[in-house]
Structures are given as structure tokens and as C-alpha cells.
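Here TrEMBL flags B:12-33, B:70-87, B:99-120, B:126-145, B:157-178, B:198-224, B:245-272, B:284-305, B:317-336 as transmembrane segment.
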Amino acid sequence: MRIWRPIVAAAALSLTLAACASTDTPEATPTSSGPWQFTNGNGELVKADKTPTRIIAHAGEAAALMSFGIKPVGVYADESVKTDPNLKGLDLTGIEILGQEWGKIDVEKAAALRPDLIVADWWPAEKAHSGLEEGVDEKSKKLKELAPIVGVAQGKSIADLAEGYEDLAQSLGAKVDAPEIAAAKKKYEDAVAAFKAAVAAKPNLTALAMSPADDKVYVANPEYAPELLDFQKWGLKVVNPDKPDPGFPYWENLSWENADKYQPDLILWDGRSYTDTANAEWGKKQPTWFAIKAAKADAVVSWPAYWLHTFGHFAAELDKLTVAIKAADENVGS
Amino acid sequence: MSTPTVRARRALALGPGLAVLGVILALVAFLSITLGSRDIGLSDVLRALAGLDGSSIEHTVTVEMRVPRTLLGVLVGAALGVAGTVLQGVTRNPLADTGIMGVNSGAAAFVVLAITVLGVRGVNVYIWFAFAGAILATLLVYVIASLGREGATPVKLALAGAAVTAGMGSLTTGIVMTNVDALNELRFWQVGSLAGRYAPILSGVAPFLIAGLIASLACGRALNGLALGEDTARGLGQRVGLTRAAAFAVVAVLAGAATAACGPIVFVGLIVPHLARFICGPDYRWILPYSMLLAPIVLLLADVVGRVVAAPGELQVGVVLGVLGAPVFVGIVRYGRLSEA
């Protein structure tokens, strides 16, 4: 047992760093006080006799619903709600916090809330909703017995995801034509335009999404990261790793000996572990980190890895990336 | 088996055997430096070792990563093999392994304590806490077992070890349940790996490991005495309590330093003593040096396998040993060579 536990734990750790793909976009159904239905991320239609009002949601999904004025009764997060990028700055008073660590949900507390709907992203690669994936506490999985569960699929684009939650909010009775919502979308469109312009000015710039860890370096596979697919669609050459882990295709695992396998011009650093001093620290700690020329040149920028759910958040993150792209040297890695 | 001529003949073969093992260890160490998850040609490895072209990535990988990793593997492997041998001898328990003396659980508990209470970060720092925890846990086991009139008997040692292991384990679980950072650091350390440990860790633990290994070689005769049973050993004029205490000190230092540096690595300390006994017979004066050479061969080979099969990634040596060690252990049991220590 002592030997096997860390493998599960390592997988669990990777799972927390994860995302997936599908083209399915749930469709909202016309709202009424009568029977309610919504197409789940896996394509199945979820029905209820009346429109749900007592909702438990995973962190980012909760933030998306709250942006449309739908307040869940309970939230579970993968980290402290104080540091979760989705929940930062949101007023959580009156919302029960059911978990602040990946894989651990207080189902007893959740049951006491008498939820009539659970909202969590659908991860097609793992065929599971957030919080119920392989590797979580078995007890957490009982959450799905409390109420119907729906979620938008983590697919090919953050825009699809954000619009999916807009549709869900609408089906739950929210008004989605508020001026703040339109403003956030406008901000997003402007941010995309600026991002595209910055990328167009650097046609040879290549980027690699990475997450260094003590025992190995993880290289993200854009195919299962909707925001990286968005970047590629807008012209940024995000490198596709050539040997993703077959069992967990979100990443290619590189030993530290092979840290310099790819030589991008810009490193997109997993935002969950990025700090301003991280690059220097890893350079000191691992003899091969600075063999990546972009790392040596400090061409690193935080990448919003697998957490975005709203146009507003994406716009803010895009602006930071655009600044980094403008400052990047497209010949560092060559 | 015990007539003087047979013993002499056996010794005659065992001496050169030791030399052969030394050569094999050198070869395996060479493999460990030349093979890895990164494909580096032999000539580049040799150039790097000769110090030519110090700025190349091949030089960095060979000299800064593989050489310390290999040296650490040799020392840690030897330490675990010898610690297992001494422990099996002193407790006369063929299933004794440093894990049951509280070494792993004590080290783990101190790692998470250091992270949560003192805010320590980075493997270079918290190995010292792991070392302290391992020593403390072993000491605790020994003191608890020593209570009572007949001293630290094998049965009392096993019971005290189980109790301390359970206690330390609960402490660790309690802390990591409430602290995600501690859990993440512990995950990295607890797999058992030679990866990511570079020169500072090697030079930190090497003095303890070398001192412990030298001291262990003096234990052979005493362990032979104990193997006959405590009353007989006493009858032969041996001071049983003192022997046991000294042997425990050696085990604590060896296993503590090895586990601190690389995390809990299983099976080496359990299986190697059996292999050594299979080759040498019951004389600990031979079993100890054989364990000292066999164990690093096993550990380094497992590490090389883990580095080659999963390229461009790596499997941790703890995982490889778990996968390969279990069937080997079953084989030893089935083959009936699980002789009483």
C-alpha cells in the first residue's frame, strides 16, 4: 500500500492540473416555471419537474453563474476560496463552502443544504464532472447522489464554455442581457483583437505551456486545454508535444534530464504555480531549467491553466499575455 | 556445513566473490551514468566526465545530475541493504525492514511538521528534518521496547515499532488532511526516488552514510553471537544489551540518512539480506559486506530501468522496486530460501 499510494497521489496531483476536450455545446431550453431541462456536457438531457433553485456548484462554475446573478447555496473548490482565481473578489457570504482542496467534498454538509441541482464542468477525457474524477476521495463521489448534476463540457474553446454557462443561467431564470455582461463580452472581444494583432506582429514566435514540478517537467497538450486551443486559433504557435502521456493526455511528462526537449520563444507558465520569482528559483534548483533558452532569457508569462469560465476573466488574462507577447523576442528559442 | 574445512573452503570462494560483486557494482554505476531518459552518446558522456566543454547540456546532465544521482544510489543502496541486514540479525526476524522500526513514518511526520510549522520549503532543507524524525522514531521504538526487565527483545521491538509507526502515521495524515502544501511536498518525497537530488544532498548525507557503513562492518561477530539466541550469546560472554543498542544506532543512522535523502525505498532492505544469506550462509561477517555490494547493484539497476522505460519521462525507483520487488519476494518465499535469520 505504501508503494502504490503515491502513484494514485501523483495521478491525483496531475488531475488537479488538468482539462479536456469536446465539441459538444449544451443547449439551453426555453425557461418556464414548469419542467426544466438542460443538455449535460456528455450529451445527455437532464430533466427536473421544476426549475432548480438550490444549487451546489464547483468554484469556477459558481463564479460563472454568479456573474449572471444566480447565487448557489454551496460551493466546493480545488483550493482555498481565498486564492481560487475564479472566486477572488466575489462576495461569498451566505454560501456554504463544502471543500477547499481537490478531491475532498463534505457531502454531509452538502446534503444538509438539500440541493436540487449540482453544477460542475464535464471533462470528456475523463468522462467525469469536476470533483468526481478518478482519484478523488470515494466519499466525495456521493455528491452526485444528492441531486441531478449538469455541466458544460471543457471543449475546444473558452468562449463555448462561457456561453454554455450563460445558457445554463438563462435556463435557470437569469437575465443575461445586463449591461455588465455585454461590457465583459466587449472587453473580451477587444482583448482578442489586441492579442491577434500582437501575435500577427511576431509571426515566428513559438510558445510552450509548461508546469515544472520537483520530479519532472509537465508540458501541456493544447488539444485538451481550451484556452491553448483558443491561442492557436488566434495565430499563436503553441507547440504540440509529440508524446503526451497516453493514460493522462493533458500532459507530456519530461524528466529533468529532458527539460530542454522543446525550445520555445516564450514559456506559458501554469498560472497555479507561477510567481514572479519562480523562474529564477527553478533555474537555481534544477541544473537543466536554464537550458531552455526562453527560461534563461526570462521570457515567461503566467498562463490561465484550466480554470477560465467567464469572458471577463479571460479578457483580463489575455491582456497580460498580450503584453508578454509584445515584449517577447521571436528568436530566443531558435 | 560447519566443519572447519567446509568453512574454510566457503571463505575461499567468498573473498573473490566479493571482488566480483565490486566489479559488477562498478559496471552498474557506469551504466547509471551512461544511460538515462536523455539520449547521450557514450563519447559525449566520456567528454563530459573528462571535463571538456563544461557549458554543454550533456556536461550538465552527466556531471551535475547523473554522477551525484549514481553516487547517492550507491551509498543509499548500501545503507539500506546493511541496515536491513543488521536489523534482521539483531531482531532475529527475517521480515524485519527499516520501515517497521518507525524510520519511514518518523521521517514523513517530521517532513510535514517542518513544512507546516516551520514553513520549510525544498527538499534540500527538509531532508534534515526527515533525518531527525527517523532517528527520533527509532530511538523511541528502542526506548519503549527496552522498558521492562528483559530489555529490548525482538517481540517487544516489533510491537513498539508497530505502535510508533501507527502513531507517526496518524500524525502525518492529520497534518496533510488540513494542509495541501504539506501534502504536495510529501507526495514528492514519499514516492522514493533518486531523481532531483543533486550535489548538496549527496554531500550532506554522505558523511553519515559512510560512517554508518564502516561501523556496521564491526557488527558481524556480535550478530553471529545473537543469531544463536540471547542466552547462548550471553553464555559466550557477549553483552547483549550493548550489542543491540550499538546495532540499533547503526541502523538508525544508515536508514535515517538514506530515507531522508530519497524517501522511503522499500524491498532493498528486506530482500538483499536474504540474497546475501543465500550466497554466504549464516556468517554475518560475510553477509554484511555482501549486502553492502548487492543492495546498490539492485537499487541502481532498478533506477536505470525506470529511467529508460519511460523516456522522455521517468519512473521513480520506488515504483520500479515495488513492481519488480514483489514477485522476487514471492519467489524467495516459494523457493524456500526465506531462512530464519
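Even glycines carry a Cβ here, placed using N, Cα and C.
Taking pairs at least six residues apart, the transmembrane segment (B:126-145) and the transmembrane segment (B:198-224) share three or more Cβ pairs below 8 Å and count as touching. Remark: the transmembrane segment (B:317-336) contacts the transmembrane segment (B:245-272), by the rule of 3 or more CB pairs under 8 A. Highest Cβ contact count with the transmembrane segment (B:12-33) among the listed stretches B:99-120, B:157-178, B:198-224, B:284-305 falls to B:284-305 (criterion: pairs under 8 Å). Long-range contacts of the transmembrane segment (B:99-120) within the same chain: residues 87, 126, 129-138, 140-141, 157-158, 161-162, 164-166, 168-169, 171-172, 175-176, 179, 181-182, 185-186, 189-190, 251-252, 255-256, 259-260, 264, 266, 269, each at least 6 residues beyond the stretch ends and with a Cβ under 8 Å from a Cβ of the stretch. Ranked by the number of CB pairs under 8 Å to the transmembrane segment (B:284-305), the listed stretches B:157-178, B:198-224, B:245-272 are led by B:198-224.
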